[in-house]
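Q: Relevant sequence annotations retrieved from Swiss-Prot are reproduced here:
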{"type": "ACT_SITE", "residues": "2", "note": "active site, schiff-base intermediate with DNA"}
{"type": "ACT_SITE", "residues": "3", "note": "active site, proton donor"}
{"type": "ACT_SITE", "residues": "53", "note": "active site, proton donor"}
{"type": "ACT_SITE", "residues": "253", "note": "active site, proton donor"}
{"type": "BINDING", "residues": "70, 125, 169", "note": "DNA binding site"}
{"type": "ZN_FING", "residues": "229-263", "note": "zinc finger"}
């Protein structure tokens, strides 16, 4: 499943295609959304926001389309009039004079008013988004030490969208490698220095991935360009200490780590 950086880059791509342009045609597959087709035609997409792995497409009339890709959903951008060659099932089409965005295969799709946005179950449940530029390491540290999260092992906590939205498995293993911690650690047992390192890594690694992944020089390192240090690198040497990276399963997901320097 795509993680926060991939979802945000997808949102950027969609925004670049249709933001600020009049919608000339709107189509929804689900019956409960059909009444909104006429309400949105002639409106504009004002912005596309991410909340972890969910997308919020905001329209100029105050409505917002909530969509969660889950495992199989995918957005596409095409030239208006183009006929895509795909076996996927179309769920949403938002068309402008020159570009059209299409949502395929997703099933978790709703139209929300401004009031409903504040009470939506998923949006209420998710924590702050790691790609929100307003979120600080100090706020992350406070969440780590809060009664709700301080006793949780990082193996599960760093996959919990209620803690921080947008994290996922590759970010989990890369953040813990950067912090020299294992998945069994808990925030309550860390030193002040370890907490500070982890709090920064929880923001720095996702933001670096968003900014550079997919266009990186494989010889670059954290702090310059993003690339995997342990994810999918089991059996290889750890570039920090020379130990051999291992693979196991934690919280039902593959976990990669260096047992020599992650203590």
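Glycine is no exception: its Cβ is also placed from the backbone N, Cα and C atoms.
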Q: For the zinc finger (229-263), could you work out the same-chain residues 6 or more beyond its ends whose Cβ comes under 8 Å from its Cβ atoms?
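A: Apart from its flanks, the zinc finger (229-263) reaches 155-156, 159, 169-170, 172-174, 176-178, 180-183, 221-222.
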Q: If I take every residue in the zinc finger (229-263) and average their pLDDT values, what number comes out?
A: 95
Q: Given a 10 Å Cβ-Cβ cut-off, pick out the one of the recorded positions 53, 125, 253 that has the most other Cβ atoms nearby.
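A: Most Cβ neighbours within 10 Å: 53.
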Q: Reported as an integer number of Å, what is the Cα distance between residue 2 (active site, schiff-base intermediate with DNA) and residue 53 (active site, proton donor)?
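A: Per the Cα atoms, residue 2 (active site, schiff-base intermediate with DNA) and residue 53 (active site, proton donor) stand 8 Å apart.
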Q: Note down the number of other Cβ atoms within 10 Å of the Cβ of residue 169 (DNA binding site), including every protein chain shown.
A: 18
Q: With the DNA site defined by the record as 70, 125, 169, how many Å span the farthest pair of C-alpha atoms?
A: 19
Q: Over the span of the zinc finger (229-263), count residues by DSSP class, listing helix, strand and coil in order.
A: 0 helix, 12 strand, 23 coil
Q: Check the Cα distances from residue 3 (active site, proton donor) to each of the recorded positions 53, 125, 253 and keep only the ones within 10 Å.
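A: Qualifying among 53, 125, 253: 53.
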Q: Please report the DSSP secondary structure of residue 125 (DNA binding site), reduced to three states.
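A: Once the DSSP labels are grouped into three classes, residue 125 (DNA binding site) ends up as helix.
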Q: Can you tell me how far the Cα of residue 169 (DNA binding site) sits from the Cα of residue 253 (active site, proton donor), in Å?
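A: Pair distance, Cα basis, whole Å: 7 Å.
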Q: Can you figure out which of 70, 125, 253 (the recorded positions) comes closest in space to residue 53 (active site, proton donor), comparing Cα atoms?
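A: Closest candidate to residue 53 (active site, proton donor), judged by Cα separation, is 70.
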